[in-house]
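Asker: What follows is a structure written as structure tokens; I'll ask about it next.
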Amino acid sequence: MEKVVKIMEKEEAEAEVEMWKYIFGFVEMAVVKCGIELGIADVIESHAGPITLSSLSSSLGCSPSGLYRIMRFLVNRRIFKEVATSQGDTGYQQTPLSRRLMTRSENGMAALLLLESSPVMLAPWHGLSARLLGKGNATFDAAHGQDVWGYAASHPAHSKLINDAMACDARMAVSAIVNGCPEVFDGVSTLVDVGGGDGTALRTLIKARPLIRGINFDLPHVVSSAPKCNGVEYASGDMFDTVPKADAAFLMWVLHDWGDEECIQILEKCRQAIPGDKGKVIIVEAVIQENEKEGDHNNLKDVGLMLDMVMMAHTTTGKERTLKEWDYVLKKAGFNRYTMKPIRAVKSVIEAYP
């Protein structure tokens, strides 16, 4: 009995600590955002060796006392590291995690955090319960009077946040595909990136596979601001109406924005755009794992489930899907065969054939 009581007391103590983490869960995002906006990781990276608080605050142009408290928090979260300088003072050093916060890095993820932590994207979260109770419109619409795409079209600064975040993800995901399953692009001469944003995915791919001719296809206001690149043609339009013809259609983080009926419609347009005998659609999306064994813990599944909540807050019908749910939309859209390949990312690669 005494052992049971001790276990219960331990669980209660752990629950209290865990609850405090939820209460102040926003703090981590806010402080990391502050670090990105100040450019802390960029300054430390450019410094030869560990940098002292005095030098860091001078480089950033901010108060040493306030910066010390920010750095103490980030060091405690193992984002930065404290080490001794050659003079024996305490200095700050980068970690693999802090390098992800750099704004000028191929592997940086700062743009994703700046998007998701923006006031525009945070506001809809306050209406999540109202949406579930049927007391209003989709949460983004309720907060801003239009959906996320309409808002981006009429607010260029927010559109740039979205484009920068998608470009950040595209660099990582395409590199993961090229390194993890390059055979996906074998035999593909022309590739249309449907909803390709500013073209980062195609530019990254063509560096690795220069014989592919890319067509970056997105809404007019997105394509108009995209940087030009040899080997990439830009086309504007609506994927619900038509998709430019190519050997293969590429959709990355597009279908999760939409419900099943919209996904089927988009996929049907993609099927019409590719050759019936050798064409395929390459889908890069999260696949939520089911039927995990007891004791299994998949960190990428955690990210996938968080993304699903993001879809609930920021879209009207979007969601992350299980393989069974992907099977449903693919077959309804006329794709009779598909394969699924995991990559070193939260997303997987689905190759679908008519």
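Note: Cβ is positioned from N, Cα and C throughout, glycine not excepted.
So TrEMBL says this about it:
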type	residues	note
DOMAIN	20-103	domain 'O-methyltransferase dimerisation'
DOMAIN	125-336	domain 'O-methyltransferase C-terminal'
ACT_SITE	His256	active site, proton acceptor
Asker: Around His256 (active site, proton acceptor), how many other C-beta atoms are within 10 angstroms of its C-beta?
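Answerer: Step by step: centre on the Cβ of His256 (active site, proton acceptor), count other Cβ atoms within 10 Å, giving 22.
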Asker: Averaging the per-residue pLDDT over the domain 'O-methyltransferase C-terminal' (125-336), what integer do you get?
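Answerer: Summing pLDDT over the domain 'O-methyltransferase C-terminal' (125-336) and dividing by its length gives 92.
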